[in-house]
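In Swiss-Prot this protein carries:
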- 1-18: signal peptide (SIGNAL)
- Gln19: pyrrolidone carboxylic acid (MOD_RES)
- Cys46-Cys102: disulfide bond (DISULFID)
- Asn116, Gln167, Asp176, His210: Ca(2+) binding site (BINDING)
- Cys155-Cys169: disulfide bond (DISULFID)
- Arg204, Asn306, Arg341: chloride binding site (BINDING)
- Asp206: active site, nucleophile (ACT_SITE)
- Glu243: active site, proton donor (ACT_SITE)
- Asp308: site 'Transition state stabilizer' (SITE)
- Cys374-Cys380: disulfide bond (DISULFID)
- Cys416-Cys439: disulfide bond (DISULFID)
- Cys446-Cys458: disulfide bond (DISULFID)
Amino acid sequence: MRLSLSVLLCLGLALTLAQHNPHWWGNRNTIVHLFEWKWTDIADKCERFLGPRGYAGVQVSPANENIISEGRPWWERYQPISYKLVTRSGNELEFASMVKRCNDVGVRIYVDVLLNHMSADFEGLATGTGGSVAEPAKKSFPSVPYTADDFHETCEITDWNDRFQVQQCELVGLKDLNQNRDWVRTKLIEFLDHLIELGVAGFRVDAAKHMASEDLSFIYSSVRDLNINHGFPNNARPFIYQEVIDHGHETVTREEYNELGAVTEFRFSEEIGKAFRGNNALKWLQSWGTDWGFLSSGQALTFVDNHDNQRDSGDVLNYKSPKQYKMATAFHLAYPYGISRVMSSFGFDDRDQAPPQDAQEQLISPEFDADGGCTNGWICEHRWRQIYNMVEFKNTVRDTELTNWWDNGDNQIAFCRGSKGFIAINNNLYNLSETLQTCLPAGEYCDVISGSLVDGACTGKSVSVDGNGYGYIHIGTEDFDGVLAIHTDAKL
């Protein structure tokens, strides 16, 4: 009996550790969230942009059928009606083609999955993006099928410090599934297994804190291994990262979930926003990471903003503060902490705004200007030079340590990543002009923030590094960006 228990414990530990592995190709190590993109567009950009630029993976919007809401707000994607793979992003064939094409060029796909709930109340019969009908008010979803027996009793979350309410009542009216029921577990596992069969590498689990960790543990451990026909090794487990909003005073905590998979580290987003908005001196970022109360690096899915909190007021940065946003993202990708995800947004003026769509309410594909930036209402932060070049920086310096931290006692900082990379940031209202240790071999390096290395020439500023590793660093207040970054793969 003791031996059997030990074996079971070891197997359980192995499974949970495996669910922290994102299965990246080579030295790639950054995910991009292509929020509300069509599957055909993602496939094309995996081949033409994401793969060549060194992105490791794409988080895609929910793939299963959702309710059709008036005006088509973005959040309708979070109101599922069945597990058919039909949404405004495309159908199952298009989804499968996207996954294969992206895997073929080394870009993994992670699906935003909704295991907590089905659609909220809807007047009369609700119609889904795949033609299914349901009566959410009666908890009737025949295309699954689910009946009222498959849900928790109807109740509202009024006390966020009450575990029962948080995990068994309805989040903003969404019909709360009972993941302790065998039938519900079976349908959720079938859904995840189908996505794995199509070649996905893992899942972002929406509203994870609203489900008991023991129920999620059962579901995660029951899904199949990743599909070896898509380049995954034998016995590989899906990468799982879970949305658990924990500001440090929650009854349901992130620590209940971080052994099951990675957890979205919302404190990272909040604190990096405070720092680069000028509400906390950058000098304090030297101890960034667990010393700030964050999860351990391998358990934390980190981001400057996400599709939810970029729409909130407060300290979180988004694309509307571009200079500070680029500085924060550069720091995010340069500092050796966390599993990094960058945001790719569409423009919005109000919280509920739909993604770019035509008169028939079909999603519009992004188009591109002469500089490669997106048009048609898409922001595409991942295509900003200052961000995609930092993805390359992060790839180049992977597995190196942070060394030679420098700061001016305020909002100017710099540091090395081993002998492969150097970054400096100026968030003061006066120039940064210093001779600093870059830790790089002697030579001329292209600043990948102000430009790129193209055919052996730099389109932006360059930095001369002497035989002792020192270089003169200037970031003026008049500069378009408050960052300078150089690395060994950008040597002239």
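A Cβ is built for glycine as well, from the same backbone N, Cα and C atoms used for every other residue.
Note on proximity: among Asp176, Glu243, Cys380, Cys416, Cys439, the recorded positions of the record, the Cα nearest Asp206 (active site, nucleophile) is that of Glu243. Within 8 Å of the centroid defined by the CB atoms of Arg204, Asn306, Arg341, the record's chloride site, lie the Cβ atoms of Ile31, His33, Gln59, Asp112, Tyr241, Glu243, Thr264, Leu301, Phe303, His307, Met343, excluding the listed residues themselves. Closest to Asp308 (site 'Transition state stabilizer') in space, going by CA atoms and restricting to the binding-site residues Asn116, Gln167, Asp176, Arg204, His210, is Arg204.
When the Cα atoms are compared, Cys374 (disulfide bond) and Asn306 (chloride binding site) turn out to be 19 Å apart. Cα separation, Gln167 (Ca(2+) binding site) to Cys155 (disulfide bond), rounded: 11 Å.
Of all the recorded positions in the record (Cys46, Cys169, Glu243, Cys446), the one with the smallest CA separation from Asp176 (Ca(2+) binding site) is Cys169. In sequence order, Thr403, Asn404, Cys416, Arg417, Gly418, Ser419, Phe422, Gly469 make up the list of same-chain residues 6 or more apart from Cys439 (disulfide bond) whose Cβ falls under 8 Å from its Cβ. Rounded to a whole number, the distance between the Cα atoms of Arg341 (chloride binding site) and Cys169 (disulfide bond) is 30 Å. A helical conformation is recorded for Gln167 (Ca(2+) binding site) in the three-state DSSP classification. Here the candidates are the recorded positions Asn116, Arg204, Glu243. The one whose C-alpha lies nearest to that of Cys46 (disulfide bond) is Arg204. Recorded residues His210 (Ca(2+) binding site) and Glu243 (active site, proton donor) have their alpha carbons 9 Å apart, per Cα-Cα distance. The Cα of Cys102 (disulfide bond) lies closest to that of Arg341, out of the recorded positions Cys155, Glu243, Asn306, Arg341, Cys458. Long-range Cβ contacts of the residue listed as 'pyrrolidone carboxylic acid' within its own chain (separation 6+, distance under 8 Å): Gly202, Tyr220, Arg237, Pro238, Phe239, Ile240, Leu260, Gly261.
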